[in-house]
């Protein structure tokens, strides 16, 4: 049997040579668990004569990755093999790779099709010695296999389908793309990115330094007008943004209701549903950046709109196809008045914005007065019990996980953009809260801080380092506003006027574990608060320093910060004594701030996978989970838990199987000590009340909002109702992003008896009616006895 080498020559397969190559990459790994010989034996079994060395390396990497459940070091080894393979297949010198990317000729039409901009290339070539020597290629070996495969699949630029960039090249391209001729700042950013202190968002990593540097993640639009022109102009904006890889939030509350008169044609409106189906097809057709991700639009509606009941049905799996639009995402923009009416089971009036104008243009007391006035004037199209609508909302959430819940009055009351007008919606991921209008499309550029990195070897948290990195991030995101490619003019108008940015986090759960703080402990709750205090303080300080140099943003005059009112003041909270807020307020009074908004903890799905961290502000969902790559699916055990069990001599095949049998929970495994059971509770074992309380604690330092998922293993209407009301009363802006539930049955252990199925189908319809009655009773019970109701102990 022979292999074909990279130079085209042939060589016989040598067991020792393969083992030696793997052995060289095992430095620093736990030799009690990692066995290169075993990997070689498995690799040899999968070989055939004429295999290339590239394929051999790929097979070796995947073989190591399948052993990740034995020990997390296998994921590191798998990545090292894959990275070493990439290094052999790519050029080393950064400036040469950038030249190749610029000189690319498309073989289909023989046209010069540069993949980076001429400006980027010129800067790189003018500073090539500094930039080339600043890159530390060994840092490529710090990724785990699944992080590296994510980079390889979507982030590293390719020439004719073959990866041309190494991860370090990409990070330097991004840094130069942001900082241009400021080489010192580019190298500083490169070092922080490559050492994994933080990461820019996916669109920034995809597009920085290219011909179309569309570096923004989030776009928010309000319908331009309730007319064919307004609707299709907005739809065109959505298509152009989606084409450039942006996620979108759209406020649709101004669109007239079903059956209302249209003066221009002397006809009647078809309402929201047909319009949303057009949006649905646009999202399917125009994906984000040419097949990188599917197009994604979230539609925001206020619950007084006459079409609200139809809106809540749109994502459901059953029902008439022409009444469904399942590729969109749905969100409610909820005024406090609705929550009050649900609580007291008052009446709720459904209205058409054409007959009752201005409801989406005001909030708080002004909204309540206008709404009551329209009710008294008899302008409502339909009156229902508020709890009837609430029931429909809960039913939709239980079935589809949506609509998202955002509280309109909290979003406006606690916004630094109150001086601009009423905020009408959030974005696709519910963490951006910005003003939109007919001539302004709100935009946000994001980055996330890897919190696990700030835990020292002495198990202390380095707040100073967190502050210094935050200040760099603010400067980077502020620069992106000026160098960004804007898919529509209205987005550029908005972003350059108000200059918002969004700083989030990832690895909060990892930081707690490294500090040995159980997620619900008082220590974790204090650290949670102080982390966000620090980020908010440092972000304001950095933005104030930028304002001293360049002046405050255009619409600064009259905003709460200009009056000395910061986010925690709006929440009526007092910070801890970690930072000197009085001194900062004095600085801001003198110089202002350069950015209207600063913090927005986002979901971080892809970038957390790249850096090997748990997502965002979330607890671990399971201690055993799957990672998919193109070659297949791999099972992974929480690396922190695996390390702890290994150190205590508790890790073996039997333990692994017990954790799998318990679906990733360790709470009922007798051999595991109590301190580890506390530390490794999954989100299903943590009180959601604590999750909501911690969201409110950090919320006092978050001037936008946060992507907050709610996890209830088996939701009933009572639990869900009590949980929503608790979040609302805590003052949250985002009450819920997704409702996550556990599947009704474990697919691995589930078999079905056909006779049983027939019996079940007979009894289902009568049980459905009983279930509905029980759900209604549970919902009412939880509203009447929110503090005592046992059903609602979430």
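Each residue, glycine too, has its Cβ placed from N, Cα and C.
GDP is bound by 217, 427, 431, 604, 605, 606, 607 in Swiss-Prot, and the record lists one more residue there from 194, 202, 415, 622, which is 202. Close to residue 606 (GDP binding site) in the fold, though at least 6 residues off in sequence, lie 150, 154, 202, each with a CB less than 8 Å from its CB.
In space, 218 is the closest of the recorded positions 57, 217, 218, 737 to residue 226 (dTTP binding site), judged by Cα positions. The recorded positions listed here (5, 11, 13, 57, 218) include 218 as those with a Cα within 10 A of the Cα of residue 427 (GDP binding site). Put simply, of the binding-site residues 227, 431, 607, the one whose Cα is nearest the Cα of residue 738 (site 'Important for electron transfer') is 431. Neighbour counts of Cβ atoms within 10 Å were compared across the binding-site residues 427, 604; the minimum falls on 604. Comparing local CB density within 10 A for the recorded positions 15, 737, 738, the maximum falls on 737.
Each residue contributes its Cα atom, and for residue 256 (dTTP binding site) and residue 218 (disulfide bond) these two points are 26 Å apart. When the binding-site residues 217, 227 are compared by the number of other C-beta atoms lying within 10 angstroms of their own C-beta, 227 comes out lowest.
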